[in-house]
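J.: Before we start, here is the structure in question, set down as structure tokens.
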Protein chains: 2
Amino acid sequence: MEIATRVWNHKWKIDPIVRSLIDTDFYKLLMCQSVFHNRPDVQVTFSLINRSHHVPLAKLIDEGELREQLDHIRSLSLTRGESTWLRGNTFYGKRQMFRPDFMEWFENLRLPPYFLERVGDQYELTFEGSWPEVMLWEIPALAVLMELRSRAVLDDMKKFELQVLYARATAKLWEKIERLRDQPGLKIADFGTRRRHSFLWQDWCVQAMSEGLGDRFTGTSNCLIAKNRDLEAIGTNAHELPMVYAALAEDDAALARAPYDVLADWHEEHEGNLRIILPDTYGTEGFLERAPDWLAGWTGIRIDSGDPERGAETAIDWWKTRGEDPTQKLVIFSDGLDEEKILELSRKFAGRVRVSFGWGTLLTNDFRGLTPDDRLAPFSLVCKAVSANGRPTVKLSDNPNKAMGPESEIARYKRVFEVGEQERRDVVV
Amino acid sequence: MEIATRVWNHKWKIDPIVRSLIDTDFYKLLMCQSVFHNRPDVQVTFSLINRSHHVPLAKLIDEGELREQLDHIRSLSLTRGESTWLRGNTFYGKRQMFRPDFMEWFENLRLPPYFLERVGDQYELTFEGSWPEVMLWEIPALAVLMELRSRAVLDDMKKFELQVLYARATAKLWEKIERLRDQPGLKIADFGTRRRHSFLWQDWCVQAMSEGLGDRFTGTSNCLIAKNRDLEAIGTNAHELPMVYAALAEDDAALARAPYDVLADWHEEHEGNLRIILPDTYGTEGFLERAPDWLAGWTGIRIDSGDPERGAETAIDWWKTRGEDPTQKLVIFSDGLDEEKILELSRKFAGRVRVSFGWGTLLTNDFRGLTPDDRLAPFSLVCKAVSANGRPTVKLSDNPNKAMGPESEIARYKRVFEVGEQERRDVVV
């Protein structure tokens with residue numbers, strides 16, 4: 001637990017939170033390469049959205065400190081070692097996943113400017129520019145805000161209080177791992193970069209998972225940690241691809257096609273375990289019903305909103321109607337998981353479909369119950385593409401509480417994608 | 001919790017447990033000076049006694065490692081900084097507590113040889129020579145055996161398991177401190193050197209007490225930690241003084257006088273809070289009944305065996321019969337304390353007598369319940385004077401389970417000191 005000592009020591013000086021351009025999710029780099037080849041000139045705006053209004057970020061976090069952290073990220077460039085790792089490493093069994101033209105571009109990249117304004121007790125933080133550049137702000141921007149919030153709380157604590165806090169968090173994490181390791185056939189990865197408590201804590205959680213779960217721990221979405229700890233980098237694709245493709249559609253017919261166009265591009269670039277469908281952007285059921293047959297041949301489906309059991313049942317039924325054997329298919333759960341839910345889903349679908357888990361915020365930021373007033377509890381902060389070439393983006397999701405976009409556009413998308421009644425579910429993290 | 005990392009790292013090399021001649025209890029040095037002036041030529045034998053037969057020390061601890069640690073202690077001598085601290089520091093409000101002739105002797109001291117033999121699953125470890133030299137073996141010998149036992153258990157654990165172990169121990173300790181800090185008027189000191197889990201852990205516990213309890217934490221019995229952490233060194237005197245004085249008595253009349261002769265010598269050397277009676281060596285009740293009036297003028301009484309409430313009531317009654325005001329007197333509890341017992345005694349005697357606590361093994365070695373099979377639970381190991389000038393020593397105590405000496409001698413002492421029926425109490429630590 002040197003973490004506590006380091007936390008205590010760095011109270012008095014600037015200590016960068018993000019120290020590397022690859023301290024980000026692996027799928028961001030995969031998607032970035034795809035965008036770089038297929039849509040390099042699209043202009044996008046990404047915005048920070050704090051879904052947890054009760055957390056007054058602008059009261060907790062000093063604007064000067066936030067600017068220092070963001071400015072530091074703009075000073076970063078890919079190091080030689082990082083470039084060598086990306087160029088030379090094997091990802092998902094494949095060498096040279098990242099092509100030379102992309103790597104050359106990445107090596108010369110600096111992140112574009114940010115726009116920061118305090119509005120009431122919240123910050124408005126936006127990023128504008130070409131899609132492949134702006135998209136790389138998402139993860140570091142979230143990680144900076146999450147960690148500055150942690151530090152704001154930790155700043156009030158004395159040295160031994162910090163030791164006890166991390167001691168309790170360590171014990172809590174280990175109890176989760178002990179419960180998980182009794183589950184046969186478990187496959188689980190760390191997806192917790194964006195809303196982690198801190199970089200050091202995430203690094204720590206990954207080591208704990210690795211020691212505690214052995215090869216049932218399949219790797220981490222964080223490239224820097226994967227590189228430093230010699231683990232697999234894990235990830236596939238996210239909502240921003242269909243959201244931006246959809247925003248660019250010229251008419252309703254093109255809009256209806258957009259989610260499949262994205263995957264057609266992806267299909268050409270990737271195979272095997274990277275062919276994972278994320279079906280919920282505009283409603284899972286309609287998406288699958290209208291999907292072309294070649295999509296049924298993909299390896300699996302990621303369930304990221306709505307009732308996860310229902311999502312998996314829908315996927316299994318869909319594969320069956322398309323003549324596929326579900327036991328050969330993969331379902332990846334990644335929405336708001338904690339160890340109880342992981343165990344429940346794992347037991348529920350054992351033998352019916354291959355299952356794996358992307359465990360995020362409640363792996364790397366479960367400080368619930370460890371401080372008075374729960375001031376370190378994780379909260380729901382996202383950073384999303386809100387427009388593309390001047391047009392607003394829309395997300396419907398399988399949970400209306402995760403929907404985004406202007407109301408009139410949401411109505412249009414619901415019509416185009418034939419989305420009916422949806423079940424509202426609380427978004428905790 | 002750098003401790004876990006250091007534990008993990010030192011698995012592969014020799015790492016001395018005792019690194020200083022003042023890594024010992026303060027009262028050992030006070031008693032040593034008294035012996036150096038009053039009985040320097042007495043020849044004594046000290047022996048290790050493992051009261052917890054279920055802990056097979058010789059199976060757990062490698063004899064070679066034990067010899068290495070003991071040999072390392074024999075190579076130690078007082079450093080210049082340690083000597084300066086002992087000569088220049090204020091102890092119990094008094095400068096130059098340690099006189100120049102004693103300091104000169106101490107600066108030239110190396111500890112005498114030890115005799116080690118494996119007998120079954122236990123070690124026989126004895127020390128022979130002049131009293132002031134041999135007596136300084138007690139604390140380091142115990143600390144070495146306790147910590148080698150801890151290390152033997154820790155050796156089987158992986159890095160993260162160690163982190164979790166220390167995380168849990170830290171949380172456990174902090175919960176005790178949180179309970180204690182609500183108690184008004186508490187005065188408590190660390191007496192946990194001899195049966196500590198390890199040096200680093202004791203050092204850690206002391207820092208936790210200091211941060212958590214503020215000035216309700218009065219200091220530590222460990223001179224090295226007191227020096228390094230700028231805390232008060234705490235302690236008075238122990239059973240070995242009356243035990244050796246009694247063994248040297250030429251007849252029953254001299255034997256009956258011996259416990260008071262010890263305190264008469266002490267009376268000349270010390271005042272104030274160092275005038276603390278330890279009455280239980282040959283039975284508290286008889287000792288107090290027959291005590292000379294000048295002893296009733298001493299500052300307090302330490303209760304180290306038997307029922308602590310009864311011991312304190314006996315002391316209060318005694319002071320009253322001798323015309324003393326108990327509310328001006330001090331009772332120090334130091335036998336097998338844990339935080340519940342501390343709180344109970346503190347509440348019970350509030351307003352009736354001044355109370356303070358010497359918290360030992362369950363402060364610095366409470367790893368109960370933290371490992372499978374409780375392999376790190378503390379146990380009852382002592383190192384005692386067993387003979388003086390060829391005559392056996394005897395201790396009766398207020399608890400027959402803590403008595404020592406040949407049976408015939410125990411019978412003689414019981415007769416001389418008029419000790420009747422005694423209540424047996426389990427000895428945990």
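Keep in mind that glycine also has a Cβ here, set from the backbone N, Cα and C atoms.
Grabbed the feature section from TrEMBL, which reads as follows:
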- B:22-145: domain 'Nicotinate phosphoribosyltransferase N-terminal' (DOMAIN)
- B:187-421: domain 'Nicotinate/nicotinamide phosphoribosyltransferase' (DOMAIN)
- B:His239: phosphohistidine (MOD_RES)
J.: Over the span of the domain 'Nicotinate phosphoribosyltransferase N-terminal' (B:22-145), count residues by DSSP class, listing helix, strand and coil in order.
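T.: Once the DSSP states are binned, the domain 'Nicotinate phosphoribosyltransferase N-terminal' (B:22-145) shows 61 helix, 28 strand, 35 coil.
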J.: Could you say whether, by DSSP, B:His239 (phosphohistidine) belongs to a helix, a strand or a coil region?
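T.: Reduced to three states, the DSSP call for B:His239 (phosphohistidine) is coil.
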J.: Take the domain 'Nicotinate/nicotinamide phosphoribosyltransferase' (B:187-421) and average the pLDDT across it for me.
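T.: Result for the domain 'Nicotinate/nicotinamide phosphoribosyltransferase' (B:187-421): average pLDDT 96.
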J.: Same-chain residues six or more away whose CB lies under 8 A from the CB of the residue listed as 'phosphohistidine'?
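T.: Non-local contacts for the residue listed as 'phosphohistidine': B:Leu278, B:Asp280, B:Thr281, B:Asp304, B:Lys384, B:Lys395.
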